[in-house]
Amino acid sequence: MNKMQKIGVMTSGGDSPGMNAAIRSVVRTCAYHELECIGIYRGFQGLIEGDFKSMDARSVNNIVNKGGTILKSARSKEFMTRKGRDTAFAKAKEQGLDALVVIGGDGSFTGAMIFSDENDFPVMGIPGTIDNDIYGTSSTLGYDTALNTVVDAIDKIRDTASSHNRLFFVEVMGRDVGNIALNAGVGAGAEEILIPEENLGKDRLLESLKRSRASGKSSSIVVVAEGDKTGDNVFELKDYVEANLPEYEVRVSVLGHMQRGGSPSCWDRVLASRMGVKAVESLMEGKSNYMVGIQDTKIVLCPLDQAVKGKTDIDKELIRVSDIMTT
Ligand code: F6P
């Protein structure tokens, strides 16, 4: 039934903790089913350049616990052109690849889908991004780890904030979505959380800070997603609060790319292991153009075009919980 013999695996776009565990799973599932597995370095750019390495079960020893990606990652401009994709297809054929597993985010899936459609080439996606913004899965690889990293950082900031009775603005990743800000904010007990999905307005922020001070709180943490809707960055927010509430001493902490690194959590390792098995076995069953996801603890498949086009929603109930928690 299955003519699949050689599968290529790559990581593409922004890296996330758990990508190595997913590579390991794809490689070992191939080995288990006696398929050849080819690692492709630097995502689609490596496919264009033929940057390949044959991988067996032993080439992925001791990486389940490692952050980053041993295959490196890239955002390839060349792959966005037809010429680049034609070269990539020629390299894939030359190498004898029968299918591709792409571990990445929606940009990578869009590229994979176009490549698959143009060349009738089987692809399977595994969602790897700390942003958790992909339709068709309740959790992406790296999200859980990033949340734990952010909560740990905010806990430490809280120590120094309360020692000095200060207010901290903590900027977290999330260019288009506030999942990290909202969940880590609730987890770390933030007084306010500013996210791209909702414009709470700066007046409300001032009101909330006034209330917080009046109720006897000695320190305050405001978590701000990069893409927050107020339109102000954390430094502008600091200036605004200092100008309007001089009783507050304000500091800013931008967590930045440390959120993308570190050893993956147990959740991300297990999820990656399950997704890798599903990706390879689905290709063996003749399926193509799907993303592997998780829904209600079950590993599922979602058509790639839906994963790319579908919109994820912020958890409105969690916003309400956050409001109650700041009482
Ligand atoms: O991985 C997604 C993400 O972390 C976004 O939240 C962030 O805006 C972006 O990557 C930054 O990525 P880079 O610095 O690699 O362009």
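Yeah, the Cβs are placed from backbone N, Cα and C, and that goes for glycine too.
Annotated active site, proton acceptor per TrEMBL: D131, in sequence order. Among the features that TrEMBL reports, ATP binding site is placed at G14, R75, S76, G105, D106, G107, S108. Taken from TrEMBL, the feature ADP binding site covers R24, S25, V26, V27, R28, R158, G189, A190, E191, K217, S218, S219. Residues or ranges marked as Mg(2+) binding site by TrEMBL: D106. The feature substrate binding site is assigned by TrEMBL to T129, I130, D131, R166, M173, G174, R175, E226, R251, H257, M258, Q259, R260. The annotation domain 'Phosphofructokinase' is assigned in TrEMBL to 6-282.
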Spatial neighbour of M173 (substrate binding site) that is closest, considering only the binding-site residues S76, G107, S218 and their CA atoms: G107
Filtered binding-site residues, from R28, S108, M173, whose Cβ is under 6 Å from an atom of ligand 1: M173
Of the binding-site residues listed as V26, R175, R251, the one whose CA lies nearest the CA of G14 (ATP binding site): R175
Among G107, R175, S218, M258, which are recorded as binding-site residues, the nearest neighbour of the residue listed as 'active site, proton acceptor' by Cα: R175
Where S108 (ATP binding site) sits in the secondary structure, as DSSP reduces it to three classes: helix
Collapsed DSSP category at S218 (ADP binding site): coil
Mean of pLDDT values spanning the domain 'Phosphofructokinase' (6-282): 96
